[in-house]
Structure formats: structure tokens, C-alpha cells
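A.B. asks: The structure is given below, and queries will be raised subsequently.
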Amino acid sequence: MNKISEVVKEARAAFQSGRTRPLQFRIEQLEALRRMIKERGPDITGALAADLHKNEWTSYYEEMVHVLEEIEHVIKKLPEWAADEPVEKTPQTQQDESYIHSEPLGVVLIIGAWNYPFNLIIQPMVGAIAAGNAVVLKPSELSENMANLLATIIPQYMDKDLYPVINGGVPETTELLKERFDHILYTGSAAVGKIVMTAAAKHLTPVTLELGGKSPCYVDKDCDLDVACRRIAWGKFMNSGQTCVAPDYILCDPSIQSQIVEKLKKSLKEFYGEDAKKSRDYGRIINARHYQRVMGLIKGQKVAHGGTGEETSRYIAPTILVDVDPQSPVMREEIFGPVLPIVCVHSLEEAIQFINQLEKPLALYVFSSNDKVIKKMIAETSSGGVTANDVIVHITVHSLPFGGVGHSGMGAYHGKKSFETFSHCRSCLVRSLQNDEAHKARYPPSPAKMSRP
Amino acid sequence: MDAFEDTARRLREAFSSGRTRPATFRMAQLEGLGRFLRENKQQLQDALAQDLRKSAFESEVSEIAMSQGEVDLALRSLRAWMKDQKVPKNLATQLDSAFIRKEPFGLVLIIAPWNYPLNLTLVPLVGAIAAGNCVVLKPSEISKSIEKILAEVLPRYLDQNCFAVALGGPEETARLLEHRFDYIFFTGSPRVGKIVMAAAAKHLTPITLELGGKNPCYVDDNCDPQTVANRLAWFRYFNTGQTCVAPDYVLCSPEMQERLVPALQNAITRFYGEDPQNSPNLGRIISQKHFKRLQGLLRCGRIAIGGQSDENNLYIAPTVLVDVQETEQVMQEEIFGPILPLLTVRSLDEAIDFINRREKPLALYAFSNNSQVVKQVLARTSSGGFCGNDGFMHMTLASLPFGGVGASGMGSYHGKFSFDTFSHHRACLLRRPGMEKINDFRYPPYSPRNLRVLLMAMEERSCSCTLL
């Protein structure tokens, strides 16, 4: 039996030992995870710097603080979430106990992504642990430093058999997906999402797929453009555009296009200075392949700002494109880079129609001072989630499920939703053996007038 | 499947037009379903009798009344279910509006089986319609009489731009599954469940799979054998055993087995008379194929009760087997017939080990006067649902989600769970353009001071704030 099989087998045996069942155990593991983050902060930020040019602030603010809050929230709520939930009874079951009993699923596989390589693997892990599962982690090999770090530090703080880290590229991941898991959570592309779900189908393993898409950002004529552009610039260019919920492209009336460009430029200068390459707050593209891909999307476009890059450091300047043709390459794939196309539309209806002919995105943004515009945009489109008058923020609210729809994904997590995703909700009815006479009406032979002739 | 392409396009256009969004539309459809049930009750009972020799009583309690109950519940509750669900906010979003919006997925495919061909078609349909979807229904071709009514009569009660019936066997279903749907709801065997999931994966279509397995039934020494036998027999032989949540096999001590067998005989005689083949309360096997399969299972172990069969009318007697080995065929597949094997174990622990060595079942049963025993069985096993001291009564509560786990399925439905299953739960946060000063903290350039403040805030356990 190869090494991957053995590791998964150990995790299953560890789960079957029953030690994850008591809440106290789960809480202790979560506290150990929290200690790991606090004690090894510098190692974590170091890995993020090496992989994606993140600095201390962005590491904490964009990755680690959300995990710490999740741990906090989960520890506090776990007794409530794990408790049996009584449900309404029917007239026939008034004397009985009826409730929903939450149970762990068993062994969960979490496949991480490279863009927020700490958060996107550890935040789901928190929910899986809380629900009482063993968790196999497969960090993205593209964010190599984080993958190696996790393989080192997680076993130092957490139960070694229950929470193994498996590293490797496509061949190892393919091997791993042949194993049987009780749930798989995958974050990444739609193409690989299909592969994961197909592999899961062989074992009837339920999946949560956190994918992506082109998250549209509609900017209404009636809005505070200064504020809108500041917020959009912040969300678009963080991590050099490599964020699954980044505003991918802007839709606006042509009459405000140049104002939007000016205000975006103003915010970019405020954030990153004249030359973003010199800013310690501006990220880098993960690898050469993605660098080429994103630079390729700029070709042939009308560049209003930026448009340059430096291959050796994988730096791409914050770039704004105007009068973009909806048929061009930059509008046919998720950009996942610091390139912001503006597509002109002449009305809210046109914007809605435009959005609806593309695949359902992971996020949708609408900026307007007019509530009616916001209501209509939400009512007539679909997406994983929505933030109005800002970007990204909806995914930081614990009580809102984080997930996609259609090609942007299936299932969701964060907060209580994580606990539910990684649990089985078992319906329970407990009756008494006394008084069987009360049930005699249900037994055959049925009353003469009801029998078949 | 060109014809289907046109159907799919028509339904998608209707969906895009927004027709299914208003509550009034959905309620009109649900009322149509209610009328369908009421106006065709006799024909439906006749069809169920033709397909499965269901008695009027069984048709009423397990098919018609259950479907009607779900329609009525959805009509009463729809507006409440459709409301945006407000959620608690964190410190940073106190001034915002945060809620979950329930939206239809779009085009839903429901694939239904033959054993409860009305219930297992209509109950999911209620949920899909209530959630605002357009629906393609693929009823089972094996329960032919019901299939005919669903194909020819049901559409008259619904808006045919938003609802269609697709017919055919495995080949046509495979072709149907090549098309893209926005949700697929499948009830059937694990083997076909894998095929459905693999097909869904090609389009990244979310699914609910209601599958099956072997539902164990632990009978403790501390119980009244006759009461247990009555309950076991009723739930086992209901619909001639063709029920996904029926008790599949019994685990008990040799002493209990001694008492259970005559008690089961009493129950069978009480329910079906001295000659069960002539009882109007006992159904028949759905097809030759399943009849032959079950006849084969009669050769396992030793027949303690029943064992008779009649190929001419697909009759199999209510049967109890003893001295069954785990390796025999009757313990290797879901029985789905009127055969109940009894296996002996020496302790509760042995029973639990036996259960846990096998795939997680759709249902699990434990009979005991001692509630601790019942609780232990529950705590140390897993299954879709569980009932202590009775058979599948748990599925009659719409407040309990009905679904499997592991090989017995994924997802669930009934009542509000149906509505939620067929809805996308969209996270919405509505902010205001004002108060931009609060956001200053999050913008570059980042200063060490900001980081210190953030780290200090994290130190304070009681502060669950995201400083955005």
C-alpha cells in the first residue's frame, strides 16, 4: 500500500477510535491551532511573503485574523451547535422525543488554493475539526512555501494521526482522490472542480466546491464615485487581483467611464504610490504561467492606466482598460490579476442582461445611492453572494454562508455553515414500546370499506 | 435527444422571464398539484393497485395523504419560507443590512423510482416548485400505470411552460443526463446514484441523492416480543417490503430470536390472515426481474416463516429467515422485499460492531424498554435517520430532514428542507456609501501602528470584530 493510502487509513483509524467525539477534545485541538498561529506568526507571514509578496499586515488582515476569529466563534458556539435540536412533533408523535442529532461525517479532505494559501485551507479545517472529523489537508503546491510550512508546523501542534498534511502536485492529488473520503472541500478552478466531483462520485462522497468566475461590479450613475472607486480599487488590487471574490470587471454608463478611471487612479496612487512596484503593500503574481496569462489579456486593449509588467519579479502594474469589447479574451475568463476592464452599458437593464448571459459568478457588486437599483440588480441576477456599495466584505460576516452557485460552486462554509457542511444531520424519533394498542388502527386488516375489491 | 433540447429551452426561457418568481405563481402551481391529487384520487389508487397491488389504505397513508400533506404545508408556509433570512452581524457591519436570499436554481431534474411512485415524485416536486424552479420530471418507467397518469394528466394541472415530463428507460435517462440542469434530485439505488453524480459533475450541477442500503434493526432482550414483532412486521411487509427505509434485517440474542419468531408469526397471521396470498392488504413484487431476485434470496439460511412464492402473480409470502450467514446473498444486497432475516449476536457491542463494519444505512432501528440501550445504539452508529422502538415513523414528521449519509445518500428533503434544498442561499450584505472613515483602517499604505492595533484587538477574546 502506498504512503498516501496509509496516511488516509491512519486518519480513519484515528477517527474510529472515537477520540474526536467529545467536544472537549475538539476544543483542545482548536486551541492548539490558535496557539500555532500565534506562536508561529512570523513563519506564516514569512511563507506568504515568499509565495505572494504579502507583507505582515496583509498576511494578518487578509488571512490570519479571519481564521482566528473563526476559531473564537466556533469554540464559543460549539456546545450549542453540537446539541440535539428538538423539532416540532405531529399529533401521532406527541409522546415521543423527536430531534436532529449532529454527527461527524468521518474523514474529510480539504484541498487548498494558492492565492490565500493559509486561510483557504485552515478556515475550512476549523469547521471540519469542530464537527468532529479527521481532516486530511492537501495544500496547493503552487504556494510552495506555505505547503512546506504547514506540513512542518501542523503536526507539531495538532493530533498527528487525525490531521495529516499531504503535499504534492497533480500525480499525488490524483492518487489522493482515489481514496474514499466522507466529504471533500475543494477551492480552485471549475475545470478541476469537475475532476474532483467525478472522483467523488465513485465513492458517493459529498463535495463542497468553492470555484470562481467573473464577479461583475455595476457602478450606477447615481452614486458617490469617490467612495465607490476607492472601495473597488481596494478589493480589486489586493493580492494583485488574485482573489476569487475580487470585482473582476466594471459595468457603467459611458458618461461616467472617464471619471471612474480618474478616481480609480487617484485611489491607486494613494494606496501604492506613483510606482506600485516600489510599494511594500502591492503583491506579485504567483508564477510565470499566470504572469504570461494575465499580461496576454491586456494585449490589444485600450489601456487607461498601467499595462506594464516585469517578468523576473512577476510584477504587473495596476491596470485599467476602457471601452472593452465583451467578446475579447479579457472578458472570457476570470482575470485573477490586477487588470480591471470597464465595459460600457447604457442602462441597468442592459447591465443585468449582460451579467445574465455569463455564468453565475461567485460574487456580485452594485454601487448605487438608489435602493431601487440595488434591489433590482439583486432580484434579477444570481451569484454566490452580493455586497452592495462595497466589495469582498460579505465573506467576512460569520453568519453569511460563503459559497458559489452554478459554475462558481456548490455548497458553502464559514461559521455555523461550516459545522453543518461537515456534519451529518441525523433525524431521530424515539418512541416507547408501551401501549401498542394505540397503534392498532395502522395495522392490517384495514377497515372493510378501505380494502380493495 | 433533440426533442428534449426544445423542451429544455422552453423551460429555461420561461424561467429567465421571471414567471416562477412571484409567490402567487408558485402557489397557483401548488394548488394545481392539490387539485390533481383530489380530482384523480380514484385513478391514482387504481394505478397504484395495478403497479404494486397497493391496498387503498396503503395508497392513502403512504402516497396520497403524504403528498397532499406536503402540498398543504408548502401552501401555508411559502411566504414565510421565501422571506429574506436576516442574520446576526459583526461589529464592523452593524449599520448594514445582512441577510440570506433564497433563490431558485433554474431548471431542476427530478428522477423518481417505482416503489412509491406518487410520493417520491410529488413530494420533491412540491419543493422544487415552491422554491421557484422550472421542473423536468422523469418518473420510473417500471411503475407504468402511475407513469401514464403523471405524463398525461398531471401536466394539465401545471403551467406547461415551466413543467415537463420526460419518459423512457435507462438509455433515455442517460441521454437526458447529458443535458445541463441546475439541480438534479435522484431517488434510487447507490449504483445508479454514482452514475447520476458523475453525469452531474460534467456540468457542476449540485445534487441530492436519496439512495438505500440495509437498514439494521437491533432488538434487545429487554422488550415485549409481541409488540416488537407487530411493529417489525408492519414496517417490513408494508408495500411488500419495497421500501427504502424498511427494517432490512434483525440483530438479536438467540434467546430473543426464540421468542420473536412465534411473535412474528402471530403478527403476520393477524395482518394477512392464514393465507396471505389472498389478503387484500398484501401487495406484490413490482416486476419479474425483482421477483426472481427475491426468489433467489429465499434459498438463504433457513425458512422459519413463509417462503412461498407464485410467479403467476409475482407473489412472495411474508417470510422470516433464520440461521443466516453474513456471507449469504440475503446479507449482501438491500432486500427490498417481504423477507426478514434474523441474525444472532451475543451482545450489544457485537451488534454495534456488525453494523459499523457495513455501509451507513438510510435508517437504523433499535428496540428496547431501556432507553440507555436505545441511546447507545444511536450514539455509536451512523445512519440517515433513526427510530427507537418503531419503524420508519420518523419520516412522517416534516420537521425532520429525510435523507441518507455515506452510501445511503447525500442531501435531504421534506417540508422546509425541500424548499431549502431546491434554493440557492445567496449571502447578501448591503452597505452604505457613507461612514467611509471607518474603512480607512483597511486601506494601504499599511503602517506598523495599524498592525499593532489589529494584533491587540485579536488579543481581546471578547472582541469579535473584523476591522474593515
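For all residues, glycine too, the Cβ spot is worked out from N, Cα and C.
Relevant sequence annotations retrieved from TrEMBL are reproduced here:
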ACT_SITE  B:Glu210  active site
ACT_SITE  B:Cys244  active site
DOMAIN    B:9-424  domain 'Aldehyde dehydrogenase'
A.B. asks: Can you tell me the mean pLDDT for the domain 'Aldehyde dehydrogenase' (B:9-424)?
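C.D. replies: Mean pLDDT for the domain 'Aldehyde dehydrogenase' (B:9-424): 97.
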A.B. asks: Excluding near sequence neighbours, so keeping only residues 6 or more apart in the same chain, what lies with its CB under 8 A of B:Cys244 (active site)?
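C.D. replies: For B:Cys244 (active site), the qualifying residues are B:Asn115, B:Thr187, B:Glu210, B:Leu211, B:Gly212, B:Glu334, B:Leu362, B:Ala363.
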A.B. asks: Which of the three DSSP-derived classes (helix, strand, coil) applies to B:Glu210 (active site)?
C.D. replies: strand
A.B. asks: Which number gives the other C-beta atoms within 10 angstroms of the C-beta of B:Glu210 (active site), all protein chains shown included?
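C.D. replies: Neighbour count, Cβ to Cβ under the 10 Å cut-off: 26.
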